[in-house]
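Participant: Quick one: structure below, then a few questions.
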Amino acid sequence: MSESLRIIFAGTPDFAARHLDALLSSGHNIVGVFTQPDRPAGRGKKLMPSPVKVLAEDKGLPVFQPVSLRPQENQQRVADLQADVMVVVAYGLILPKAVLEMPRLGCINVHGSLLPRWRGAAPIQRSLWAGDAETGVTIMQMDVGLDTGDMLYKLSCPITAEDTSGTLYDKLAELGPQGLITTLKQLADGTAKPEVQDETLVTYAEKLSKEEARIDWSLSAAQLERCIRAFNPWPMSWLEIEGQPVKVWKASVIDTTTKAAPGTILEANKQGIQVATGDGILNLLSMQPAGKKAMSVQDLLNSRREWFVPGNRLA
């Protein structure tokens, strides 16, 4: 067995909690957990703890929830824990240079892409949107840049034609802990081999916006189908009908050319709602009107056929 490391864990969402759970059964010593402050959630806007906090408190671990790690007293809390390494997974706060240098082995991060491709906030969604054939996780040594540190370990997985951001998230939440445990063993043994990122291969995964998820019919059917999968389950691709936002959960590409203007409804039947795009035809299969549950197109046509008259154009 490798040396047992003193670890500070910093993370916030469920993705991070799955990594903490793996660490708890790895034989290492978790000396402290940092997570974001409780946030208002749900209809009642009640303050809710992060998934990482819930798990940490359940396991009796000391939890710290600073708003920032810039104040000296918060940095001192990190120093007082005398960690060998700090593991950061979707924490959501910037780590100042002083904090990065505190642990003996520095700070390492689990990132949801095969760096240097897709540095930034939304790597899972951007890899789908771009039509990448594969993605994965990279365990990297953190520095002051945005996902610019040396790479310590990578694990890859294929992106299938059915994958959404939700399914890919689950796949990477399985891969990440595997890569993390292996990397910690290598750090403890002194066998880690840091690899500098090739700056010529860098792409950036910009944060998502709801407006970006609005369907632009001038794009190709293939691009729109990828967009629908990339933005599922958040923020969800959508279009506007009679002033109402209607979410699109699933669609397929019909490999046929059409001279109709982008956004023109070509057919509306139980096989789908076929719409002309900038290149090809998009077949809408599952949609969700405002205030309703997601439903098949057949059910939607039973209640709202007037929305989808062939020849009409969708906004």
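The backbone N, Cα and C atoms fix where each Cβ goes, glycine too.
So Swiss-Prot lists the following for this protein:
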type	residues	note
BINDING	SER113, LEU114, LEU115, PRO116	(6S)-5,6,7,8-tetrahydrofolate binding site
REGION	2-189	region 'N-terminal domain'
REGION	210-315	region 'C-terminal domain'
Participant: Tell me the Cβ neighbour count for PRO116 ((6S)-5,6,7,8-tetrahydrofolate binding site), meaning other Cβ atoms within 10 Å of its Cβ, over all protein chains shown.
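Facilitator: A count of 20.
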Participant: So, in DSSP terms, is LEU115 ((6S)-5,6,7,8-tetrahydrofolate binding site) helix, strand, or coil?
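Facilitator: DSSP assigns LEU115 ((6S)-5,6,7,8-tetrahydrofolate binding site) to coil.
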Participant: Summarise the model's confidence over the region 'N-terminal domain' (2-189) as a mean pLDDT value.
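Facilitator: Across the residues of the region 'N-terminal domain' (2-189) the model's pLDDT averages 97 on the 0 to 100 scale.
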Participant: Within a 10 Å radius of its Cβ, which of these binding-site residues (LEU114, LEU115) has the fewest neighbouring Cβ atoms?
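Facilitator: Result for the binding-site residues LEU114, LEU115: minimum number of other Cβ atoms within 10 Å at LEU114.
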Participant: Beyond the listed site residues SER113, LEU114, LEU115, PRO116, identify every same-chain residue whose Cβ lies within 8 Å of the center of their Cβ atoms for the (6S)-5,6,7,8-tetrahydrofolate site.
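Facilitator: Checked against the 8 Å cutoff, the neighbours are HIS111, ARG117, TRP118, ARG119, PRO123, GLY136, THR138, ASP147, MET151, LYS154, GLN197.
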Participant: Are there any residues at least 6 positions away along the chain from SER113 ((6S)-5,6,7,8-tetrahydrofolate binding site) with a Cβ closer than 8 Å to its Cβ? List them or say none.
Facilitator: ARG119, PRO123, ILE124, ARG126, SER127, THR135, GLY136, VAL137, THR138, ALA205
Participant: Could you break down the residues of the region 'C-terminal domain' (210-315) into DSSP helix, strand and coil, giving a count for each?
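Facilitator: Going by DSSP assignments, the region 'C-terminal domain' (210-315) contains 22 helix, 41 strand, 43 coil.
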